Amino acid sequence: MSAIQASWPSGTECIAKYNFHGTAEQDLPFCKGDVLTIVAVTKDPNWYKAKNKVGREGIIPANYVQKREGVKAGTKLSLMPWFHGKITREQAERLLYPPETGLFLVRESTNYPGDYTLCVSCEGKVEHYRIMYHASKLSIDEEVYFENLMQLVEHYTTDADGLCTRLIKPKVMEGTVAAQDEFYRSGWALNMKELKLLQTIGKGEFGDVMLGDYRGNKVAVKCIKNDATAQAFLAEASVMTQLRHSNLVQLLGVIVEEKGGLYIVTEYMAKGSLVDYLRSRGRSVLGGDCLLKFSLDVCEAMEYLEGNNFVHRDLAARNVLVSEDNVAKVSDFGLTKEASSTQDTGKLPVKWTAPEALREKKFSTKSDVWSFGILLWEIYSFGRVPYPRIPLKDVVPRVEKGYKMDAPDGCPPAVYDVMKNCWHLDAATRPTFLQLREQLEHIRTHELHL
């Protein structure tokens, strides 16, 4: 560690670059890939006191570990940094200048819409190979077929197989970063050889969620095979690298396969989604203490997002998971963005989304607060669908006229007051998550929830 590097503060996460067996009793041995947490700086800047995942503490060498960083906001990650989209043949040739044998890019075909073109620099000139798209497969020679562009590029990187040269160096599209490189650089890349996929625990339109084993620990793995979908999920994974809180589902790492698969590995939440947990147990099992604790768990996660200028945009009981020891954690960061950005409202869940977000695409912490009020209603109704007996098309017009749902059966009046505060039509008059947490803690302290 050089003298100019600032020391890492307590709580910094590091990932081991090499094995360290330790030579003295106070050393903390570790294996390559282990995640360690800095406890304190020592007198010697080349060594830190750290602890491992089971809480054992000891001294570690700074040059054997790499600090884990969040992927920088605004970084445009790409699984296909060599893909340049709609550019012409002439533009491709300019991009591959000066000539360098094996330099390549892929573009959309101008002559054959729906097909692609592989452009390769070879001995001073550029060759253009049509990539035909037929029956959901891609091929250059109609002999070898590929599922996606990444598989095709990987194949011709290892073997020219009829091309003028094998593919050696990608011409990266300006402004993009290869996802694999960025996750590796920031300390979030995991090793596929150490991941065992055990069984499917959920299916989504994007792919499967599987129970896995990573280095002896149970993990949940989102497996995304389709390259376009995987590209969208990169945004979710990069948001998760920036967030750390005991009530947010924790990202453990990312695996990007050269063939196009993307695996997002997170902590395993044994008891599934909060909505299913509530529905399957009900009033006879879950008392007022338990419901208020879940409400506070979610509120603390949202207060953390609020403080870090992130808006979740899809807060609902289906997107909250429950751990083995009954801790509720917010998940599903697919729509989470920095507070300033806007988004298409095509797929938003109407019953959970604030009126101004549906009407004007205005998302803010205050629109998350509205959703939190709906989530509280879900908790206290034991997982009922909001706005019962109101047709979906009538929900927004009624809400915009000031309609608020009645309190769920048995809901304490103090908790119902909190819900109603979240549902002010004027976003500015809704409370912050900090204020909501204080209100819920007041309810707990004064036993107003029983």
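Glycine is treated like the rest: Cβ placed from N, Cα and C.
These figures come from a predicted structure and were not determined experimentally.
Features as listed in Swiss-Prot:
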MOD_RES   Ser2  N-acetylserine
DOMAIN    9-70  domain 'SH3'
REGION    9-70  region 'Interaction with PTPN22'
DOMAIN    82-171  domain 'SH2'
MOD_RES   Tyr184  phosphotyrosine
DOMAIN    195-445  domain 'Protein kinase'
BINDING   Ile201, Gly202, Lys203, Gly204, Glu205, Phe206, Gly207, Asp208, Val209, Lys222  ATP binding site
MOD_RES   Tyr304  phosphotyrosine
ACT_SITE  Asp314  active site, proton acceptor
MOD_RES   Ser364  phosphoserine
MOD_RES   Tyr416  phosphotyrosine
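Feature map: Swiss-Prot annotations on the structure.
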{"residue": "Tyr184", "record": "phosphotyrosine", "DSSP class": "helix"}
{"residue": "Ile201", "record": "ATP binding site", "DSSP class": "strand"}
{"residue": "Gly207", "record": "ATP binding site", "DSSP class": "strand"}
{"residue": "Tyr304", "record": "phosphotyrosine", "DSSP class": "helix"}
{"residue": "Asp314", "record": "active site, proton acceptor", "DSSP class": "coil"}
{"residue": "Ser364", "record": "phosphoserine", "DSSP class": "coil"}
{"residue": "Tyr416", "record": "phosphotyrosine", "DSSP class": "helix"}
Distance, Val209 (ATP binding site) to Tyr184 (phosphotyrosine) (CA atoms, angstrom): 23
Cβ neighbour count within 10 Å of Lys203 (ATP binding site): 9
Asp314 (active site, proton acceptor): tally of other CB atoms within 10 A of its CB: 21
Between Ile201 (ATP binding site) and the residue listed as 'phosphoserine', the C-alpha gap once rounded to whole angstrom: 32
For Tyr416 (phosphotyrosine): intrachain residues, at least 6 apart, with Cβ closer than 8 Å: Tyr380, Ala407
Number of Cβ atoms other than its own within 10 Å, given for the residue listed as 'phosphoserine': 19
Proximal residue to Val209 (ATP binding site) among recorded positions Tyr304, Asp314, Ser364 (C-alpha distance): Asp314
List of residues, in chain order, with Cβ under 8 A from that of Tyr304 (phosphotyrosine) and at least 6 apart: Leu243, His245, Asn247, Leu248
Of Tyr184, Gly207 (the recorded positions), the residue whose Cβ has the fewest other Cβ atoms within 10 Å: Tyr184
Number of Cβ atoms other than its own within 10 Å, given for Val209 (ATP binding site): 17
Ile201 (ATP binding site) CB neighbourhood, other CB atoms within 10 A: 16
Inter-residue C-alpha distance, Lys203 (ATP binding site) and the residue listed as 'phosphoserine' (nearest angstrom): 30
Residue counts (helix, strand, coil, in that order) that DSSP gives for the domain 'SH2' (82-171): 17 helix, 30 strand, 43 coil
Arithmetic mean of per-residue pLDDT over the region 'Interaction with PTPN22' (9-70): 94
